[in-house]
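J.: Swiss-Prot feature annotations, pasted as is:
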type: COMPBIAS; residues: 11-30; note: compositional bias 'Pro residues'
type: COMPBIAS; residues: 32-47; note: compositional bias 'Gly residues'
type: COMPBIAS; residues: 63-75; note: compositional bias 'Pro residues'
type: COMPBIAS; residues: 84-97; note: compositional bias 'Low complexity'
type: COMPBIAS; residues: 105-115; note: compositional bias 'Gly residues'
type: COMPBIAS; residues: 425-438; note: compositional bias 'Low complexity'
type: COMPBIAS; residues: 445-457; note: compositional bias 'Low complexity'
type: DOMAIN; residues: 213-336; note: domain 'OTU'
type: MOD_RES; residues: Ser64; note: phosphoserine
type: MOD_RES; residues: Ser165; note: phosphoserine
type: MOD_RES; residues: Ser177; note: phosphoserine
type: MOD_RES; residues: Thr195; note: phosphothreonine
type: MOD_RES; residues: Ser323; note: phosphoserine
type: MOD_RES; residues: Ser332; note: phosphoserine
type: MOD_RES; residues: Ser370; note: phosphoserine
type: MOD_RES; residues: Ser447; note: phosphoserine
type: MOD_RES; residues: Thr502; note: phosphothreonine
type: MOD_RES; residues: Ser503; note: phosphoserine
type: REGION; residues: 218-224; note: region 'Cys-loop'
type: REGION; residues: 324-329; note: region 'His-loop'
Amino acid sequence: MTILPKKKPPPPDADPANEPPPPGPLPPAPRRGGGVGVGGGGTGVGGGERDRDSGVVGARPRASPPPQGPLPGPPGALHRWALAVPPGAVAGPRPQQASPPPCGGPGGPGGGPGDALGATTAGVGAAGVVVGVGGPVGVGGCCSGPGHSKRRRQAPGVGAVGGASPEREEVGAGYNSEDEYEAAAARIEAMDPATVEQQEHWFEKALRDKKGFIIKQMKEDGACLFRAVADQVYGDQDMHEVVRKHCMDYLMKNADYFSNYVTEDFTTYINRKRKNNCHGNHIEMQAMAEMYNRPVEVYQYSTEPINTFHGIHQNEDEPIRVSYHRNIHYNSVVNPNKATIGVGLGLPSFKPGFAEQSLMKNAIKTSEESWIEQQMLEDKKRATDWEATNEAIEEQVARESYLQWLRDQEKQARQVRGPSQPRKASATCSSATAAASSGLEEWTSRSPRQRSSASSPEHPELHAELGIKPPSPGTVLALAKPPSPCAPGTSSQFSAGADRATSPLVSLYPALECRALIQQMSPSAFGLNDWDDDEILASVLAVSQQEYLDSMKKNKVHRDPPPDKS
């Protein structure tokens, strides 16, 4: 049998409605929304002695940070995810949310060794205050941190075990975690700015060096959590209003589940959270993890996440990463080496980063095609230059070869003819050389012999007196073409007169293929473009005619005997 202490007399100004019940058996607590009544427990919650008579543990009905099913342990034992329940209290289906310790210390400011549920119980256990009177234990709030659970604030020394008055409950309820926000603001004001800046710098450097992540700063306007999620999902933090609206709509559609973790009226809570300047907490994180079916990882001055919110279905998608700073602000943690934008939006056959990869492939392909075309053009230019060079070399070789052939023929003619007619042979060879080097484009139509016979016939009476037939056009045409007429032959061929005009001269030239090559060559191959063809032909024609007349006169003198003077 439990012996209760005597009832203390109430102060004169005390409210009778707030007095504890008289000694005796505890009445059953009303089932107001399935709340968990918590008596003055041990060191983990209230600071007094734990009641070891009974304990009931609630369970999370779906994927969430709390573990599935009842927790093992002796009756009345305190766990990280459960609270000891005093005798007579009713345990509802609303479990307590997990609470990682804030950055101030492992158990939070004022937290004892067993205080694993938050940082707001400092001084409460020492005063022996009963926490959570006949109602649900609040989880999160307007400006709460990642997974910090809360208790209601009540005046020290005042509490009820099972049936507290509704008026006092409404006064003690307040916002869902307003006390933590006030405590966080007080801690921020007490911290040294230099220390805070150094801690932030270390946090960013550690994430970048170890994980390769980059902390992307979000605007500090109360919507930092939704801005961070919008940056992860849409790639634009200005989409935070859309993310907030979808999140609140999802909470309303699943109000039967999420209302178990809110101390105040759920509709009032949702209406307040729809404001763009209202902070988000881990209830919204859990909703967004289920809504986008992506885990939500929270980093707080550590390279490993302090809390992870899972969706309903497991997949291999990249998680939504956010960082928690100074217990009041969220930023987006971006992995620059892996695209996550668009994941979770329900787009069919969507592959993160596929558009960028496709654009990169197209750009590389276009660049390669342009480079190949440029190289082909350069090769064509080089081939054209090579061909032009080869043609120039071939023309030069052909010209030098032809001139050398002419010189060889002239030497052979001098050797065969002897000293009898050196002047005629040299003149004929020189005229042939000049005619060959003049660079005529049409050998068959522009013969110097034809032009001389047609335009300027000189001394026709001399030809009549001598009785010598001038060279026929066909013979002159053959002589005008390359090969030179200074080909080797007998002396009778040069003194035969009419027989020489009709004899076939083609047999005198063994290299007939050279003539075809020279006929196809342009005058530029010989470098004679700057010379006047008419002047060259006129000079050659004059020399040839003069030599021909001189030879005729000498032949006539030798044939006719001198007249008899007797």
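If you go along the chain as it appears here, the first residue is 1 and each next one adds 1.
Cβ atoms are placed via backbone N, Cα and C, with glycine included.
Situate these features within the shown structure.
T.: Broken down by DSSP into helix, strand and coil, the domain 'OTU' (213-336) contains 53 helix, 22 strand, 49 coil.
The secondary structure of Thr195 (phosphothreonine), as reduced to three states from DSSP, is helical. Sequence-distant neighbours of Thr195 (phosphothreonine): no residue of the same chain at least 6 apart has a C-beta under 8 Å from its C-beta.
In three-state terms derived from DSSP, Ser370 (phosphoserine) belongs to a helical segment. Sequence-distant neighbours of Ser370 (phosphoserine) (same chain, 6+ apart, CB under 8 A from its CB) do not exist here.
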J.: With Cβ-Cβ distance below 8 Å and at least 6 positions apart along the chain, what are the contacts of Ser323 (phosphoserine)? List them in sequence order.
T.: Phe203, Leu207, Ile215, Val298, Tyr299, Gln300, Tyr330, Asn331, Ser332, Val333
J.: Restricting to the region 'His-loop' (324-329), what is the model's mean pLDDT?
T.: 90
J.: Please work out the number of neighbouring Cβ atoms within 10 Å of the Cβ of Ser332 (phosphoserine), leaving out its own Cβ.
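T.: Step by step: centre on the Cβ of Ser332 (phosphoserine), count other Cβ atoms within 10 Å, giving 23.
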